[in-house]
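Quick look at what Swiss-Prot annotates:
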- 2-55: domain 'ClpX-type ZB' (DOMAIN)
- Cys14, Cys17, Cys36, Cys39: Zn(2+) binding site (BINDING)
- Pro119, Thr120, Gly121, Ser122, Gly123, Lys124, Thr125, Leu126: ATP binding site (BINDING)
- 411-432: region 'Disordered' (REGION)
- 416-426: compositional bias 'Basic residues' (COMPBIAS)
Amino acid sequence: MKMAKNDDKKQLKCSFCGKTQDQVRRLIAGPGVYICDECIELCSEIISDEFEEDIQIDMTSIPKPVEIKNYLDQYVIGQEDSKKSLSVAVYNHYKRINSNNNSNDDVELQKSNILLLGPTGSGKTLLAQTLARFLNVPFAIADATTLTEAGYVGEDVENILLKLIQNADYDIERAEHGIVYIDEIDKIARKSENPSITRDVSGEGVQQALLKILEGTVASVPPQGGRKHPHQEFIQINTTNILFICGGAFDGIDSIIERRTRVSTLGFGAEIQSKKDKDIGKLLKQIMPGDLLKFGLIPEFVGRIPIIVTLEALDRAALISILKEPKNALVKQYKKLFELDDVELEFKDEALEAIADEALKRNTGARGLRAIIEETMKDVMFDIPSKEEIAKVIINKDAVSTKMPELIEAENGKRTPIKLKKSRTRKGPETA
């Protein structure tokens, strides 16, 4: 009888399926619980299927190019051709991911990263941010000027990917379908067209370091950022399906394009262009990969950003539209800020024109609009919270130059509360 009891005690079972240890290959013990190899395999399949299903849902509901452009139109004024080109490029990128995941075809679609080329304040960063928000994918912005070749003072290129992983809440699968915008990419051009004998750690060296992650590789990313060292653990991330958008002003490239195009228009019967015809925006539309090589990008780098989207400098009309038309227009933002203090804010059309003119004078594009408004209203925004008698502020043309907006007092000496409109919940993703 004692022998039988001992045998019963030794007969261990899986706590999930009930199979005994001699019915399975392996039985793993935990604190008061057992699990067999078959149950482990089943759990692994269920979890991996759920992950694949989640990613597939995100990737199969790709908006059409028209839908992408319509969304961009709500936030980005002008740049019609650029928005079309960008919408098509982004649609094809995520379509390629689905094709390579699902198709048994031998044809594998190759990755196409994007180069946004245009003057400061033309909307390059805004386009990339708006795209990521609409597609509901993780998004990261990196500054190319802070990057250096591995082993030198500065940031390694892998730190770009760390920002993306952090913005995806360390969900690697989600980060692998995100968008990375690398700004100031023109600042890492090598100093001359010919390869340098001396080491260019912040120019050509960075371009070389970026090649692998742009093309698609499994990168090792330090989880805390900083430099790599052999005794730390790394986060592994596959960059094959990450869309890289590089942006830069490329000051001076118009001269390179002009020299190239001028050669083809020499001789008898050639059309003589006036200075007015030599518009920088029109010149940029004629850009060729060879022009980027002459500017200082290496051939391998140019080959990994095959889609070139050019943006034009914003004119006076576009800047005025930017001030008042987009969903998050600056005029709407400042009106909302003043409403929170129960003060009405009014911008006269002449004031918007003066603000646009000042931005053109400073050559800062749309980026300088907020700074000009802040300068105009700095003193008013300082005083308003303390002055209960002020009910309305009017910004006219003179206020832009004198920094003294017109103030209107309340009839009874004290302003009445303004009922704020409840913001409607917008369909679609708000954050990336």
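From the backbone N, Cα and C atoms, a Cβ is placed for every residue, glycine too.
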Residues that sit under 8 angstroms from Pro119 (ATP binding site) by C-beta distance, when 6+ apart in the chain:
Ala249, Ile280, Leu311, Ala313, Gly365
Which residues of the same chain, at least 6 positions away in sequence, have a Cβ lying under 8 Å from the Cβ of Gly121 (ATP binding site)?
Leu314, Ala359, Thr364, Gly365, Ala366, Arg367, Gly368
Within 10 angstroms of the C-beta of Leu126 (ATP binding site), the count of other C-beta atoms across all shown chains comes to 20
Lys124 (ATP binding site) and Cys17 (Zn(2+) binding site), distance between Cα atoms, whole Å
57
Rounded to the nearest Å, what's the C-alpha distance separating Thr125 (ATP binding site) and Cys14 (Zn(2+) binding site)? Just drop the number here, would you?
56
For Pro119 (ATP binding site), name the DSSP secondary structure in the helix/strand/coil scheme.
coil
Coarse DSSP state, helix versus strand versus coil, of Cys36 (Zn(2+) binding site):
strand
What same-chain residues, at least 6 away in sequence, bring their CB to under 8 Å of the CB of Cys14 (Zn(2+) binding site)?
Thr20, Val24, Leu27, Tyr34, Ile35, Cys36, Glu38, Cys39
Looking at Cβ-Cβ distances, which residues of the chain lie under 8 angstroms from Thr120 (ATP binding site) while being 6 or more apart from it?
Ala249, Asn363, Thr364, Gly365, Arg367
Those same-chain residues, other than Pro119, Thr120, Gly121, Ser122, Gly123, Lys124, Thr125, Leu126, found with Cβ within 8 Å of the centroid of the ATP-site Cβ atoms are Gly118, Gly247, Leu311, Gly365, Ala366, Arg367
Relative to the Cβ of Gly123 (ATP binding site), which residues of the same chain, six or more apart in sequence, are found under 8 Å away?
Val76, Ile77, Gly78, Gln79, Leu311, Leu314, Gly365, Ala366
